[in-house]
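Annotated in TrEMBL:
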- 31, 35, 79, 84, 92, 99-100, 121-126, 171, 339: ATP binding site (BINDING)
- 24-181: domain 'Histidine kinase/HSP90-like ATPase' (DOMAIN)
- 1-339: region 'A' (REGION)
- 549-624: region 'C' (REGION)
Ligand SMILES: Nc1ncnc2c1ncn2[C@@H]1O[C@H](COP(=O)(O)OP(=O)(O)OP(=O)(O)O)[C@@H](O)[C@H]1O
């Protein structure tokens, strides 16, 4: 008899499930049926593709039995699927292998209401049985193996595995229902739950019960075992759209995504003609927890003629649409399609290409017709869509209509189309500013002249903006210009006062000499109203933020980016500096103008100790 301890994360999850999902106890049955269906999918695939399984007699079915007699109430779910061996049991029913587990557990607040929303997204799986059972037994035999195994646990930190008997491959989970679960040992309850959550499961689900028998006078004379199929057992996505209710779509989504909430939208399409395939895609109402992890779990499953092939292929859809959940079912791919073949397969490439078009088309429809729903989409998926601008050139124009931005002119989000409508008659470009933080950007001195001229500037604080937005280039023939760069200032040049500019030249030369290689240039600014200085980067240089990002990504051999320091010819400080003959005081002022400009834009000052020394010296003089 081998006793094993649950992985720590399992214990944490168990505790959480029991404490936050008690009002949805019945989902344990959905989880068991979904596991059985996956196990049947896997075996079906092997019998069709692997010679060593071809002779196996495969009768795919799920059987539910219950006993409501006496004190000991039990419920069991049995399948003829792939089964598990001893190692599988330890691996699958003792740990949580899923990516994102740590992030998920780290996000828990201890507030059961908030946590139950989170757990809804995480998917509870097999462990949910401990909401209703005092003890769970799993008797299972793996296809192709002779020995069966029994796994037993009361969900209190440990489980045991012992050899067992089972006639053929498959798995039977038997629950000894506790006080919390007694209600589920009932024909009526089980039927309701299966109809609600698992009607769409593609394999038949049979419910076994005792059927009352009557004598000729209509008196009950006893009972006999009976069974009844309680689901429709047709792959939901193959059914005609008009025969599927919204509830059925939602329940199917919950089964394949393990999300507790309804999806934000779904798109069910069928292609016929030279290529035949069906797709059913969903967008979760919240971004999946692992969306920003490299090892995210792909959410689209591939079927070939209703046979499950894989749910672990990231290339079925482009990376930027990794939040999609759903099914692709092709009639044209070979059943034993390998990962390598899949990646170069023309049929798959075509399905992917046209699926992306359809999905984006549906997004565009929602963006046009249902702006409220589109905004909840944007809250979660704006950033991945921006990644699409970078990686999916073929769909660039559609994506440009879908992404949204913050702006100096409107609250909330705006589209490029809306920005264009608001442009002033003589406005030359769509202006934007990039940086780390929306609030810092809103306060940036770089925006002063734009504000004065009533020019709208898009605020870009997502870390992908720095890479993505320069790729856009133009939107409907209007150029996008970064306010952080020297060139955008040229559009404001009309404001430049030649005389003032000439008068400032000696000061600029003197500052350049003092600042040396800390700057690329020192020039008169046309952008500033109140601030004495700001920095921009040369048109051909990466911005300061981009340089920081590249450094963080390990590019250490980058030449140092030198900013261009712009000074405000009307600033009192600048005017005084013109008169200043003391070289040391002049140097302090020049360095402080540079460092403060770096600070307001969120860039680090090069030598903080030097900065503080100069600041203190100037304060001392100022306070004297
Ligand atoms: N009836 C079954 N037959 C064969 N294997 C099973 C069965 N039930 C569970 N398993 C195995 O145990 C694993 C863990 O199941 P569990 O329901 O906890 O999570 P999951 O199904 O992998 O994850 P999720 O529920 O998020 O899909 C499964 O991935 C599967 O390998």
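In case you wondered, yes, glycine gets a Cβ from its N, Cα and C as well.
TrEMBL feature annotations superimposed on the structure.
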residue	record	Cβ contacts under 8 Å, 6 or more apart
31	ATP binding site	124, 125, 126, 128, 129
79	ATP binding site	36, 37, 39, 40, 61, 62, 63, 170, 171, 172
92	ATP binding site	84, 126
339	ATP binding site	310, 313
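Neighbour counts were taken at the CB atom with a 10 A radius for the binding-site residues 124, 126; the maximum falls on 124.
The average pLDDT computed over the region 'C' (549-624) stands at 89. Broken down with DSSP, the region 'C' (549-624) shows 46 helix, 4 strand, 26 coil. Annotation note: residue 79 (ATP binding site) sits in a strand segment as assigned by DSSP.
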